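Colleague: Structure in structure tokens, see below.
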Amino acid sequence: MTAFSVRLTGTKYGCGGGGCGACTVMISTYEPTSKKIRHYSANACLLPICSLYGAAVTTVEGVGSTKTRIHPVQERLAKCHGSQCGFCSPGMVMSIYTLLRNNPEPTSEQMIAALAGNLCRCTGYRPILDACKTFCKESVCCQRKANGKCCLDQEGDLIDKEEKISTRLFSTDEFQPLDPTQELIFPPELMRMAENQPKRTLVFCGERMTWISPVSLDELLDLKAAHPKAPLVVGNTSVGPEMKFRGVFHPIVIAPARILDLNVVTHMDDGLTLGAACSLSLVKDILTNAISEFPEEKTKVFCAVLQQLRTLGGEQIRNVASLGGNIISRKSTSDLNPVLAASNCVLNLASKGRKRQIPLSDIFADGVGNNTITSEEILVSVHIPHSRKGEYVSAFRQAPRRENALPITNAGMRVLFEDGTDIIKDLSIFYGGAISTTICAKQTCWTLIGRHWNEQMLDEACRLLLQEIALPGSASGEKVDYKKTLIVSFFYRFFLEVLQSLKKMDPCHYPGVPMEYRSVLQDFQTKMPQSIQIYQANPSQSPQDPVGRPIMHQSGIMHATGEAVYVDDLPSVDGELFLAVVTSSRAHAKIVSIDTSEALQGPGVFDIITAHDVPATNEFYYSDDPEIIFARNKVICVGQIVCAVVADSDVHAKQAAAKVKIEYEVLEPVILTIEEAIKHNSFFEPKRKLEQGNVDQAFETVDNIIEGEIHIGGQEHFYMETQSVLAVPKGEDKEMDVYVSTQHPAIIQEMVAASLGVPANRIMCHVKRVGGAFGGKLLKTGLLASVAAVAANKTSRAVRLILSRGDDMLITGGRHPFIGKYKVGFMNDGRIRAVDTKYYINAGCTPDESILVAEVSLLKMDNAYKIPNLRCWACACKTNLPSNAAFRGFGFPQSALVTETWITGVADKTGLSPEKIREINMYKENAQTHFKQKLDPQNLIRCWNECMEKSAYYSRKTAVIEFNKQNYWKKKGIAIVPMKFPFGLGTRYLSQAAALVHIYTDGSVLLTHGGIEMGQGIHTKMIQVASRELNIPMSRIHFCETSTRTVPNACASVGSAGTDVNGMAVKDACQTLLKRLQPIINKNPKGTWNDWIKEAFEQSVSLSATGYFRGYDENMDWEKGEGQPFTYFLYGAACSEVEINCLTGDHKNLRTDIVMDIGCSINPAVDIGQIEGAFVQGIGLYTMEELKYSPEGVLCTRGPDQYKIPAVCDIPEQFSVSLLSSSQNPYAIYASKGIGEAGLFLGCSVFFALRDAVTSVRNERGLKNTFSLNSPLTAEQIRASCADDFTEMVIGIGERCLSVFG
């Protein structure tokens, strides 16, 4: 069902695979026998409409709207500033709302669990959780103020001189109460239907497939005998993604969810029998109840299964996915199969005329999924046994993210001892994630029967396991060594758990686990974070003046109600066509032929668009190498657009696109990595260099020199709204309206006009809002808009192009991967005298913004340090990957990470602490940068000192050292990192801006400017500026859209500069208007605004004005290596503390304190939101987000299933942000500073805290050799760096016996 057919566009399509939660809706069903209504959340993108017969679906529009009433969930999400770009907000609302329908006073654990399946790329989750906390029954309070009072307690606000330090970004007094009696009722007609209509078989026939939903087991068995290949679909969480992403086609689908036999829940003497169609959420609830009812001895299997269920998928997936589907699909990534198999669970199977039982382990018996279930057989139910006396069961998993992520490796293990002893009577060990299915370590288990549960057994078991479980060398880039290490680490963890249990049973006989090893028995849990935000309020400010106040995002309520319109929500235009792109499958090849014949015969196909259909420009030369709309004769990366299909529906267009056949002739060389580019001397010119002092001479006089290199991976923008364009030809004078999700309407206008060969004045580009961008919606969007415009031009029809998440990730590129090589000379006291560095960035196949990124990485590489002798180079490598683009921070997050890496290297070598080296080398007094721009570092020092103090750094560092002494397998780390972030775009014309302000005769004001709203609150801030300047309430000012029709030639909203430059233009326009009104106001000073406006109109005074800002006077001379490329500097510091699990490499972010100097904040709520959101994106860059390519240059990580951005479980458990007080900035509007990008780099404080923890492990284990850590610092790298007997065993050097306890 499309949003168009029912005109409900609130539910958002984010990924199509149930991985992001943007499409969450609430499903309600009525059970006539129990007379109960069940509400559950689900992902609309996976839910077949046929499966909802008799159910009620509530979308965000049904919860509340500005036309009827806003629901408390929507109101609080908006007023707590939990919405920035707003694209994820409807999904967030639905997840919270569904929880509250089932439980009006949830615990904070339930609330956190409800959001595990929802991703947000903007906010960093803290303000969303603030909104959630207001519904939780226990108050989650921080009590971290100096006086021990609550952060929401106003009396506790410290009054300091004239400055009021404030910690409230919203007022709970404004919130309407949650009243469960006011919710929508279940539709009575559906209730009557359920009670009165006899259940009958349902058959739905579509264009290509038939859906059959039988009501009895016998009927199901008949159907399965007739259609043995038809899959059984309950939640569609396995079949759905296969059909959508892998092109699997099933002409017949059987849906058995309504059959009672498949939904049984039976308690028996020896265990539980659960129907195969039971949802995983139901299984979770049943097991939780059983654990509370039965003695502990009987529930060990239940506990182990429950342990895996807690983190399996998000709530939306667990609510629909079935127990049987999880087992039958036999996926190696199933977290349940290993533990169910190890626990001797039994499958009850049925086929026509036959019933039988088999152990679940049989379907995995020979290790490659030996299919003992025939195609006619149905899994009816699963028997999960009670555990026995002397039996112990455990389950383990390690995934790229702790929640809602498929495992890298998982395991289920069970041991049964001879009565009253520690002699193994029965043992079973199963692993998943290692190869294509769940595997059993049979030989190992047989060999160990009869052994005592001691260290000799452990040593033998680990060796046997490594011999028996042979992992193939992997093509997908998953490291085999890591999986092998996890295989033995999991068994060791099981060994410790059982030892501890044996001690509980008989403390005299069994020693148990020494104290310092016990902490590893506890997994990291996600808790509701505590947070505090500190900013400066001005008590003497007029109450009407909104500047400096935490004002809600202007569209916040509309985001939360789903009424905010994005490109794909625009109503369909008469005759509209849908476009699907056909992309290259080769990284470097000649196009021999394109065969479109089969595609053209597909249903609904209108036409196919190629380079020949481009009326004018197909290649844009912004430098020596072109940016290309359609590939013409050759392709230069996988994902390059070769042609496009237009059809009457999105589905038809995609089906036809898959049928276009392209023949290639491979060209050499294929260059994918930076190393290959260096080898082939493949670079974009110019290479850049900056130098100061005499580097070579300085190296001769220093005490020590270190050399090294660090690799930094790329990062996908992962904006929630994918690239979206609607091109509408107007039918006369070659005019065209282009509605597009972009940061730069003017470049879209320019490129579309050039590609069509018409003047720019015929192309009107409209942007209402953008669902996240982060630098990813500039040039690439121009090329995609041109594709749609060329198609619209050729067909004379409106054309809609909305990229799927997979295509978006494949086509668009992201942050530049980086290799930094450095040589650093320093004195024994820690003073760094000389640095020589070289940066190589992977630009991809076209230049895009890569040379600029290289330049910025050089200009900002010093971060906060004064280095007297410095030489740095940057080269942009030309490779056969999709072109990398601008991304929040623009080169700084990479080059500054290289800098901080050599800072810690110097600390290691001198034996001083990293923070000491930072302090010694930091800018201290007025100085010049390495390109001769003056700077005053006073606020840098203030941020550093304040962060030291607020984070209680030294006392916590002592506590970390103490913790590490007492824990062998878990370690903590802490790090504090300073930041200097220069603001500027390098040349004046890039920061010019214009605004247009109309005052209407009723006194209302319409404001427009060239800035784009993409979540950073620019329109809200512009309305605040206009409100202050015109001295009228914000409610009288409206912003409609950004358009090339109203503000021409606007610069891109990039580089944190949107508010700075557009604010100046808005201020200019308002001052022009006020100047015109002044004589009228002087004549009638007691009049109202409306009186003055009416009078002005009657006196023929123009009530419309443009405002203009020329831009900042910035310049850089690369020949001389000097200039003033920046206007001012932002400063900050962040202290982060982490805890790592040395056995798995997993980690938890415990606490982060950030202090930022952002001048005088125009809107503290928006600005703190930007800092937190950028910081969490930085955590992603430096510790989680990993792009993987095949050897042929195909991106393997094409959606939230494979590419993990931070989720609720990844944010620090204590999170504090303080804005530096009494900071002024004479260069920007109202003394503010541009804040959007700076916070991202501070995420590296987590990277260096992890490094600190790893260093502690290595020191304890006597590993003195230097080690390097690359970014992202994933669990795999952490585990490999924490070398121990297990890692040595894996790489084959561990011949000695395991010494388990030290």
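Cβ coordinates come from backbone N, Cα and C, glycine included.
Just lifted these from TrEMBL, have a look:
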type     : residues                           : note
ACT_SITE : E1237                              : active site, proton acceptor
BINDING  : C15, C20, C23, C45                 : [2Fe-2S] cluster 1 binding site
BINDING  : C85, C88, C120, C122               : [2Fe-2S] cluster 2 binding site
BINDING  : 232-239, 322-326, D335, L379, R397 : FAD binding site
BINDING  : Q743, F774, R888, G1055            : Mo-molybdopterin binding site
BINDING  : F890                               : substrate binding site
DOMAIN   : 1-63                               : domain '2Fe-2S ferredoxin-type'
DOMAIN   : 204-389                            : domain 'FAD-binding PCMH-type'
Colleague: Within the domain '2Fe-2S ferredoxin-type' (1-63), how many residues are helix, strand or coil going by DSSP?
Modeller: 12 helix, 19 strand, 32 coil
Colleague: From the centroid of the CB atoms of Q743, F774, R888, G1055, the recorded Mo-molybdopterin site, which same-chain residues not already listed sit within 8 A by their CB, in sequence order?
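Modeller: Other same-chain residues with Cβ inside the cutoff are A773, G775, G776, A886, F887, F890, M1014, S1053, V1054, S1056, G1236, E1237.
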Colleague: Considering only the binding-site residues L232, V234, N236, N326, which residue has the minimal Cα-Cα separation from the residue listed as 'active site, proton acceptor'?
Modeller: N236
Colleague: Among the binding-site residues C120, L232, N236, N326, R888, report those whose Cα falls within 10 Å of that of C23 ([2Fe-2S] cluster 1 binding site); none is a fine answer.
Modeller: none
Colleague: Within 10 angstroms of the C-beta of G1055 (Mo-molybdopterin binding site), what count of other C-beta atoms is obtained when all protein chains are considered?
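Modeller: Other Cβ atoms within 10 Å of G1055 (Mo-molybdopterin binding site): 24.
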Colleague: Of the binding-site residues C20, C85, C88, S238, S322, which one has its Cα closest to the Cα of R888 (Mo-molybdopterin binding site)?
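Modeller: Its closest listed neighbour, by Cα, is C85.
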Colleague: Cα within 10 Å of C20 ([2Fe-2S] cluster 1 binding site) is the criterion; apply it to the binding-site residues C88, L379, G1055 and give the hits in sequence order.
Modeller: C88
Colleague: Specify all same-chain residues, apart from the site residues C85, C88, C120, C122, whose Cβ lies within 8 angstroms of the center of the Cβ atoms of the [2Fe-2S] cluster 2 site, ordered by sequence.
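Modeller: Nearby residues not in the site list: S83, Q84, G86, F87, S89, R121, T123, M720, G771, G772, G1015.
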Colleague: May I ask for the distance between L379 (FAD binding site) and Q743 (Mo-molybdopterin binding site), taken between their Cα atoms and rounded to an integer number of Å?
Modeller: 52
Colleague: Name the one residue among C85, S322, N326, F774, G1055 whose Cα is closest in three-dimensional space to that of C45 ([2Fe-2S] cluster 1 binding site); these are the binding-site residues.
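Modeller: If we rank C85, S322, N326, F774, G1055 by Cα distance to C45 ([2Fe-2S] cluster 1 binding site), first place goes to S322.
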Colleague: Given the binding-site residues C88, L232, N236, G324, F890, which lie close to G1055 (Mo-molybdopterin binding site), meaning Cα to Cα within 10 A?
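Modeller: Neighbours among binding-site residues, in sequence order: F890.
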Colleague: To the nearest Å, how far is the Cα of C120 ([2Fe-2S] cluster 2 binding site) from the Cα of S238 (FAD binding site)?
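Modeller: With distance taken Cα to Cα, S238 (FAD binding site) is 24 Å from C120 ([2Fe-2S] cluster 2 binding site).
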Colleague: Whole-number Å distance between the CA of F890 (substrate binding site) and the CA of F774 (Mo-molybdopterin binding site)?
Modeller: 10
Colleague: Drop a 10 Å sphere on every Cβ of the binding-site residues C45, C122 and tell me which sphere holds the fewest other Cβ atoms.
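Modeller: Checked C45, C122; of these binding-site residues, fewest Cβ neighbours within 10 Å: C45.
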Colleague: To test your reading of the [2Fe-2S] cluster 1 site: which residues beyond C15, C20, C23, C45, same chain only, put their Cβ within 8 Å of the Cβ centroid of those residues?
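Modeller: So the additional residues around the site are K12, Y13, G14, G16, G17, G18, G19, G21, A22, N43, A44, G91, R805, P1200.
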Colleague: Which binding-site residues from the set L232, S238, N326 come within 10 angstroms of F774 (Mo-molybdopterin binding site), judged by C-alpha positions?
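Modeller: Neighbours among binding-site residues: none.
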Colleague: Looking only at C-alpha atoms, tell me how far Q743 (Mo-molybdopterin binding site) is from N326 (FAD binding site), rounded to the nearest Å.
Modeller: 43
Colleague: Average pLDDT across the domain '2Fe-2S ferredoxin-type' (1-63)?
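Modeller: The predicted confidence over the domain '2Fe-2S ferredoxin-type' (1-63), as a mean pLDDT, is 92.
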Colleague: With C88 ([2Fe-2S] cluster 2 binding site) as the reference Cα, tell me which of the binding-site residues C15, L232, V234, S322, G324 is the closest one.
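Modeller: If we rank C15, L232, V234, S322, G324 by Cα distance to C88 ([2Fe-2S] cluster 2 binding site), first place goes to C15.
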Colleague: Any same-chain residues 6+ apart from C85 ([2Fe-2S] cluster 2 binding site) with CB under 8 Å of its CB? Would you list them in sequence order, or say none?
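Modeller: For C85 ([2Fe-2S] cluster 2 binding site), the qualifying residues are R121, C122, Y719, M720, E721, R769, V770, G771, G772, M1014, G1015.
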